[in-house]
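Pulled from Swiss-Prot:
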type     : residues : note
ACT_SITE : Glu351   : active site, proton donor
ACT_SITE : His382   : active site
ACT_SITE : Lys510   : active site
Amino acid sequence: MQAKTLADLYSDWDKVQAHAQAWQKRTLKDAFDADRNRAARYSVGAAGLELDFSKNHIDDETLQLLMGVADQANLKAAIKKLLRGDHVNNTEDRPALHSALRFQGKPQTAEHQEVKATLDKMAKLIKSVHSGEWKGYKGEKITDVVNIGIGGSDLGPRMITKALTPFHTGDVKVHFVANIDGAEIHDLTRGLNPSTTLFLVASKSFSTLETLENSLTARKWMLDNGCAQDQLAKHFVAISSKVEKAVEFGIAAENVYPIWDWVGGRYSLWSAIGMPIAFAIGMDNFNKLRAGAAAMDDHFAEAPLERNIPALMGLLMFWYSSCLGTDTQAILPYAYHLQLLPAYLQQLEMESNGKSVTKSGERVDYQTGSIVWGTEGTNGQHSFHQLLHQGTTMVPIDFIATLQAHHPLDHQHKFLFANCVAQSQALMTGRDQATSEAEMRAQGMSDEQIAELAPHKVHPGNRPSNTILMDKLTPETLGALIAAYEHKVYTLGVLWNINSFDQWGVELGKLLGTHVATAIDTTDIPSDWDSSTQTLVKKFTEANKNL
């Protein structure tokens, strides 16, 4: 079967490609020089965020062509399908109703009723633990809460908990364990008191290898430190759809919180999976986080595409990936507390859109999901920004910044923000050889020195970026930011005609990992495995034969 091309999807694709070729000869600097109102025209605000997308390789014709693509992809109709609960996850025949997790007002659907009941139950638990009413097996107040989960049960809650550090109530300390590497849980429990520790086991199936093994280790640690079997229920809560498995583990049925099939793991932080967030910042702030996301849902549903933040973010990334040949994007939050955001968005984007077949199963002949990476500013300036400025690869960037800080060190926040803006400006304008030569001449350097050094000081510029601003990092603005990226991912999936809500590649990795572990346990290595895999397993078996 012949692979699907974008020309098969979009009748004006030749015009889009021709326009992309024309942009190869243009510069952003010239675009700004020609239009004093460019920044104002290419900025849009909603839900406490402002997106400045003026430093992108676009003009009015670009946007017109991209809106044509969106129209042919039926993006507006697709948005309605997502938000009303149509089965947009076609390979698993499910809706993707993460927006229902943050509904506001009175419940309107059965899903809303389930969400409200779970939130009410969560609120009672958190109040009980924070107040000291909930006690451990020695009758002491819980001081530490440990979330055991991986992927969507870890990255989102961990990121949000770190991001909202200024809002921590201080009632308990929240920790996270994800890795199957025992070093993580071993190191963590060395600093905890078993009698005052509560574990949250977050696994929809209650069978995820990493989560189950870490939970078994946590249970053994409790038992080894004097907790009786019949007291374990005071130290374990589960978020799972498999109540019977959680009860068999030793968790009281009333302490099992639901997660539903209509929520994907990487979209689930708004549910009971977000319990560690609520333990850290309290239910009021958790609900503000949900409210911020709901405001972005409303914007996504109602705003025209040309003024729609998530749609524009998706269309711009489509432009770079599918038209201008980029295969990576950088997320650079200039906020220390957002240091885990790139890792969270890495999963959100790459697990969602790392697909190579259309929704109907046809191979694609075009690039889909891009590689997402980054770190917090200004740290990245002293590591990988060199490549962004002078490397041969064009990397579209999202700069994220706050206008105000939570801390009193205003002068440091000034420098943080200044560096964010300066980086986006420098990447756009660059520095030509004549300017570099003039600077060196002013420094008294000889013509010979200038000729030798000048080429190394040239910065080509013309590197694109978005800047996303918020007044302050709060539960509301963070909720809106995350929802914007969720909907950006969906927009891209619609434009590429792929399913953004399954993850069969992850499932294959889990299966093969189990097969290799069995081979290690039995020393029965299948002869039809490749020689590399056989050799690696033999080396591990030999190294551990006496343990």
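Glycine is treated like the rest: Cβ placed from N, Cα and C.
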Sparsest Cβ surroundings (other CB atoms within 10 Å) among the active-site residues His382, Lys510: His382
Glu351 (active site, proton donor) in three-state DSSP notation: helix
Cα-Cα distance linking Lys510 (active site) and the residue listed as 'active site, proton donor', given in Å to the nearest integer: 14
Cα distance (Å, whole number) from Lys510 (active site) to His382 (active site): 37
Secondary structure of Lys510 (active site) (DSSP, helix/strand/coil): helix
